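So that you can see what the record holds, here are the features copied from TrEMBL:
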type     : residues : note
REGION   : 1-44     : region 'Disordered'
COMPBIAS : 28-41    : compositional bias 'Pro residues'
TRANSMEM : 169-190  : transmembrane segment
TRANSMEM : 202-223  : transmembrane segment
TRANSMEM : 229-249  : transmembrane segment
TRANSMEM : 261-286  : transmembrane segment
TRANSMEM : 298-317  : transmembrane segment
TRANSMEM : 324-343  : transmembrane segment
TRANSMEM : 349-368  : transmembrane segment
Amino acid sequence: MLPRPARPAGTPPPRVASALGPGAEKPFVPPLAPAPPPAAPPTIHTAAAAAGTAGRSAVPRPARIPASADDEFTRLLAHPPAALGEGHHHHLRVPSRARFNPRVFAGALSSTLSGSPETLATARRITVTAAVTAASPAAWFLTRSANGLPVPAHGAGDVLDPSGSFLGMFAWVWILWVPVFAGSVAYACFQWLPSQRENPRHAWAGPLTAAAVVLAVLWLWAVHTGNPAAGFGLAGAQVGLGLTSIHLTASRPAGSRQERLFTNGPLAVFLGVSILALLACLGSWLTQQQADAGGWGAEAWTLIALVSVVIGVTTICMTDRGQLAVAWSVVLGLAGMGLARLLEEPGAVWPAVGAFSAAFLILVSAGSRRHQVDHASRRAQREWLTAEASARAAAEEPEAAHT
């Protein structure tokens, strides 16, 4: 293909056929301002240059802001309200896109009103400490004797008189209140330790300890004033509180021996001495009422009460590791009851035999439960050690085969 000959200099370019027809002139197009780069947004200088060269039609019209309804804040600025008295405030409703959730609102409101968990825990510890601090001196003043020992009143005609009924027991049995109050003081100090501030067991152990010492002081006051009916009712409340504590301590075991000693120990002794208080007040009350169980006399309801105690306490001792603190407390009281029936008036052989038999059955049931739990623990540990030794021998067997 031959190359195209060059156009001579000074020769006008040839006309290009237009879409308007042959020979038609091309329409005049006014020059525009140079377009900005594609990525650069239009500025005021480019808009002014376009308006000067191409007229108003080349300048884009600004976008119209859509009309929106005035909110409450705008209406408040436009029409200020009348002056209000002191204590009145304006509450503006801020529109929110989030949907109202009653559960979230209730949870936030309850957490705001109830306070933080740290504040509640501190308030609980302070309350327990105050209750124990107030109850311990009160119990001392109610039970102190002439020789300075904390022994409740047990003279002739008193509620705790050993000769007042067949369920009466020697006064030295009530020394069991000393471990209860001493243990509550130790627990009040134990809960303030830094290692125990995050322990969830104190959420129920603290209120139970405070309620126990308060009920104990009320019971001591009832027997000090010689009211066996009030003492019987308060002793029943103590037994219910003690059963609740046994259930909680068995279902939520302690993490260490110190925690078991300071938390479970005082509550267990409290349950045992509460059962003895229930028996003593019941015997004194029935004797004052001259109760007669079907013509069999006082010995009948005495034996019925002892059988009920055996059934209840052995059931308690079948939980956890035997509840030896409860068992030994009740056994000590039953021994004092049996000795009182043999050495004091009124003397009765069958109530004494029943008291000693009940003490023996309770002690055997608690000991057998402790032996059963310890045997199961040792067996599980022995099986674990055997399995670990077998796994180690299986891992070392290939090396022994190579040698």
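For all residues, glycine too, the Cβ spot is worked out from N, Cα and C.
TrEMBL entries are annotated by machine, without manual review.
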Contact set, same chain, for the transmembrane segment (261-286): CB under 8 Å, 6 or more residues outside the stretch: 159-161, 164-169, 173-174, 176-177, 179-180, 182-184, 186-187, 190, 201-202, 205, 208-209, 212, 216, 219, 223, 228-229, 231-232, 235-236, 238-239, 241-243, 245-246, 249, 254, 298, 301-302, 305, 309, 312-313, 316, 323, 325-330, 333, 337
Contact between the transmembrane segment (169-190) and the transmembrane segment (324-343) (3 or more Cβ pairs under 8 Å, separation 6+): yes
Long-range neighbours of the transmembrane segment (202-223), counting only residues six or more past its ends (CB under 8 A): 121, 124-125, 127-128, 131-132, 135-136, 138-139, 142-143, 152-153, 158-160, 177, 180-181, 184, 187-188, 191, 196, 230-231, 234-235, 237-238, 241-242, 244-245, 248, 263, 266-267, 270, 277, 281
